[in-house]
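First the structure, in the form of structure tokens, and then the observations on it.
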Amino acid sequence: MNNLVWFRNDLRVRDNISLAKACSGNQVLGIYCFDPVLFRIGDYGFKKTERFRARFLIETIIQLKDNLKKLNIPLFVYVDNPEKRIPKFIGEHDVHTVFLQKEWTQEENETRDAVVAKVSSSVNFEESYDQFLFHPDDIPYVSFQQIPRVFTKFRKKCETYTRVRPVLESPKAKPSTNLIENNTVVPSLRDLGLSNLSNDTRTAFPFQGGETNAQKRVQDYFWETQKLAFYKKTRNGLVGQGYSSKLSPWLANGSISARTIYWEVKEFERTVKKNQDTYWLVFELIWRDFFKYVSLKHGNQIFRIEGILNKKYDWKTSKKITEQWISGQTEDPFINANMREIARTGWMSNRGRQNVASFWSRVLEQDWRIGAAYFESMLLDYDVHSNWGNWMYNSGVGNDPRNRIFNSKRQAERYDPNGKFQALWLQETLF
Ligand SMILES: Cc1cc2nc3c(=O)[nH]c(=O)nc-3n(C[C@H](O)[C@H](O)[C@H](O)COP(=O)(O)OP(=O)(O)OC[C@H]3O[C@@H](n4cnc5c(N)ncnc54)[C@H](O)[C@@H]3O)c2cc1C
């Protein structure tokens, strides 16, 4: 009888609840499916996953496979729908229990249900929430319906009543006897129907995917350069790798846990420095949790045009305006610079994201979901809850109590006073 870990957005060996639970059994196998659905055109006309995140994911799976191999756990990798591949795999490999991270958005639920429906009822599925800083069982709310609409309320209550769980001990290697042969290979971009990608030297995210690379980034940002000690002062930056932690792409696919980062901050505070800046990184991780709880509370409402506020606006949809926004050819140079950055690198700063989202939805009055779907396609760090939650927030249909519209000219003057960022991205015609 084998235990199977079905990896989804928990692509790590360290501090992985499903893997730790599976390792209590004798023989452990891992499976990962590159689901072709995620590389096709979605509802708004964009590929659900473009090359930037696809390549990052490939790099991530290569490292996961290597790291699991060191524990004598084979990772079987397929380009196939989970609902087709996993039931077959379970049948062929005498699987007793499947361990997986609990997701709750519609597409992920449908995929899981389709897998469960196709396997014998004697196979157990054990799901664990593993993407949070504050575990859902530990928060001071009896049900998700009680999650407040305003972030500050949520943060203060959780900070008072909830402790972040410790990081799990790393699993011990399994015996190397009876290893099951694994001839599966990690696909290339081409295997996923995508063309190759050349690197843009201007990128603020020059890193590769994978758990080991995530740990290296923590090592560098926290310990070697000690940039964490200045985080709050630099986090609104626009140019280069140092202005913020850049941990989001690894967090989004679970190459590193939020708990690991939290405890690393605590260690830094204990041994190097504790200040507003070190606290602020945790503050931002709480934002990340908040959007997950908003999505748990509101379900599919986060994808609807009225958002969670049920607000009606006169949304427009213009193909021409969409093309101008995407290609960075609007009348606003600061918006254009940011849009060119994401088109060329899959990355955009938080300051940039707020501005282009507000410009798209509040100034151009275009259907905010088109912008969110474009981000979903392009972003290296796409995370369903953070993306759709932040888009709602910036589009006047979400959690912003102030319902702000960004003045991009003033924002450019404040955050790009010498025009360095704009010069970097506007110096050439890209399209
Ligand atoms: C329109 C829009 C769309 C966004 N889409 C995504 C997305 O798909 N995935 C994503 O991870 N973030 C998203 N964000 C949030 C934020 O922009 C990024 O998390 C951040 O820029 C990542 O850079 P960093 O890792 O250097 O962040 P840091 O400033 O170093 O922050 C540390 C971590 O805190 C979390 N965090 C920071 N700000 C936010 C925030 N506003 N909301 C949620 N979590 C936050 C991230 O996990 C981040 O890695 C979006 C923001 C906007 C305005």
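One is the number of the first residue shown, and numbering goes on along the chain from there.
Cβ from N, Cα, C; glycine included.
Any TrEMBL annotation is an automated prediction that lacks curation.
Here's what TrEMBL has on this protein:
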BINDING   Tyr231, 244-248, 284-291, 381-383  FAD binding site
DOMAIN    1-133  domain 'Photolyase/cryptochrome alpha/beta'
SITE      Trp315  site 'Electron transfer via tryptophanyl radical'
SITE      Trp368  site 'Electron transfer via tryptophanyl radical'
SITE      Trp391  site 'Electron transfer via tryptophanyl radical'
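Features recorded in TrEMBL, as mapped to the structure shown.
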residue	record	Cβ within 10 Å
Tyr231	FAD binding site	23
Lys246	FAD binding site	21
Glu284	FAD binding site	18
Trp287	FAD binding site	18
Phe290	FAD binding site	25
Trp315	site 'Electron transfer via tryptophanyl radical'	16
Trp368	site 'Electron transfer via tryptophanyl radical'	25
Tyr382	FAD binding site	22
Trp391	site 'Electron transfer via tryptophanyl radical'	25
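Spacing of Tyr231 (FAD binding site) relative to Trp315 (site 'Electron transfer via tryptophanyl radical') is 37 Å (Cα to Cα, whole number). When the binding-site residues Lys246, Glu284, Trp287, Phe290, Tyr382 are compared by Cα distance to Trp315 (site 'Electron transfer via tryptophanyl radical'), the shortest distance belongs to Tyr382. Checked against ligand 1, the recorded positions Phe290, Trp315, Trp368 give no residue with a Cβ less than 6 Å away from one of its atoms. Comparing Tyr382 (FAD binding site) with Trp391 (site 'Electron transfer via tryptophanyl radical'), their Cα atoms are 12 Å apart once rounded. For the domain 'Photolyase/cryptochrome alpha/beta' (1-133), DSSP puts the residue distribution at 52 helix, 30 strand, 51 coil. Mean per-residue pLDDT, taken over the domain 'Photolyase/cryptochrome alpha/beta' (1-133), amounts to 97. On a Cα basis, Phe290 (FAD binding site) lies 21 Å away from Trp368 (site 'Electron transfer via tryptophanyl radical').
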